[in-house]
Amino acid sequence: MTHLPFAELHLHLEGTLEPELVMELARRNDVTLPYRDVEELRAAYAFRDLQSFLDLYYANMAVLRTRQDFADMTAAYLARAATAGVRHAEIMFDPQAHLVRGVPLEVVVEGIASVLATSEDDHGVSTLLIAAFLRDRPEDEALDVLDRLLARGAPIAGIGLDSAEVGNPPARFARLFARAREAGLHLVAHAGEEGPASYVTDALDVLGVERIDHGIRSLDDDALVARLVAEQVPMTVCPLSNVALRAVDTLADHPVVEMLERGLNVSVHSDDPAYFGGYLDDNLDALGSSLGLTREQRIRLAENSVRSSFLPADRREELLAQIAAASA
Ligand code: ADE
Ligand code: ZN
């Protein structure tokens, strides 16, 4: 039962950069970091909130310089995800975080895409790529980057919205999401991670997103919960992340099982696994021990992950059949 087939729908590629790989890439690229070794770096992985994590997450990206670096990070993630039961992954990356450091867009996109191209053959994991935009930077910059991605024919299936949430409401990015929709892209956004339930409503109504990343603060608003249940809006919940960033006190307090039982369309994901203590399997195992996640609930989470994906109907059916077979 430990390895039901899953779709990973909430995963930041740069958040899979394990401390060992950070140090290796720093050596390879002659980048000086304020840590002597992996242990010192690992000791910095103690967060007070989202911002304290983001500071380290962006700082560590300094080691990513070449196509090969992006390819190595991507390959390491896919190999690890496959062992967790992931059979499909919709992977976010942060193009602006690299552009502002002077790393060209093509280095980032080509490095990642070169590995995704053979992921099904190499790891048995189908993939889609989502360009996530930083909500604490100007919308005009995001529009420019989106235009450049589209002009280059970058293999992106959708856009997302991430980074510091409070004070950066979805409505600031209405033009960006309208343009992405016109381009035929899928739309997702982080909302209700640290920010209020109203950000979830605005992500749906102003941005028109198809999926909410996190969304746990929706529980503060009963009318919103009723709507999310009625519309079966997909919500990608990341328990280990929420505890690491103190959005939730402990795993035993995490609302994901309550959300499932209230009829919300939730699935469990790993967010930034290198920083928060684990991958998809680790999140599920932690819920098993702290919240007594049942076999039946685990199967529902697997099914929801596939149904909430952007996969075509035939591949969804294939994965749902694999879940049924694995849980029989
Ligand atoms: N970027 C990477 N991880 C994130 C998270 N958990 N929330 C917002 N932005 C992020
Ligand atoms: Zn996230």
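The backbone N, Cα and C atoms fix where each Cβ goes, glycine too.
TrEMBL names H10, H12, H190 as Zn(2+) ligands; from the candidate set D121, D122, D271, the record adds D271 to that same site. When the C-alpha distances from D272 (substrate binding site) to the recorded positions H10, H12, E193 are tabulated, the minimum falls on H12. Summary of the Zn(2+) site environment: with the site residues H10, H12, H190, D271 set aside, the chain residues having Cβ atoms within 8 Å of the Cβ mean position are L11, G15, M92, D162, D213, H214, T236, C238, S241, H269, D272. Cα spacing between H12 (Zn(2+) binding site) and E193 (active site, proton donor): 15 Å, rounded to the nearest whole number. The most densely surrounded of the recorded positions E193, D271, D272 is D271 (count of other Cβ atoms within 10 A of its Cβ).
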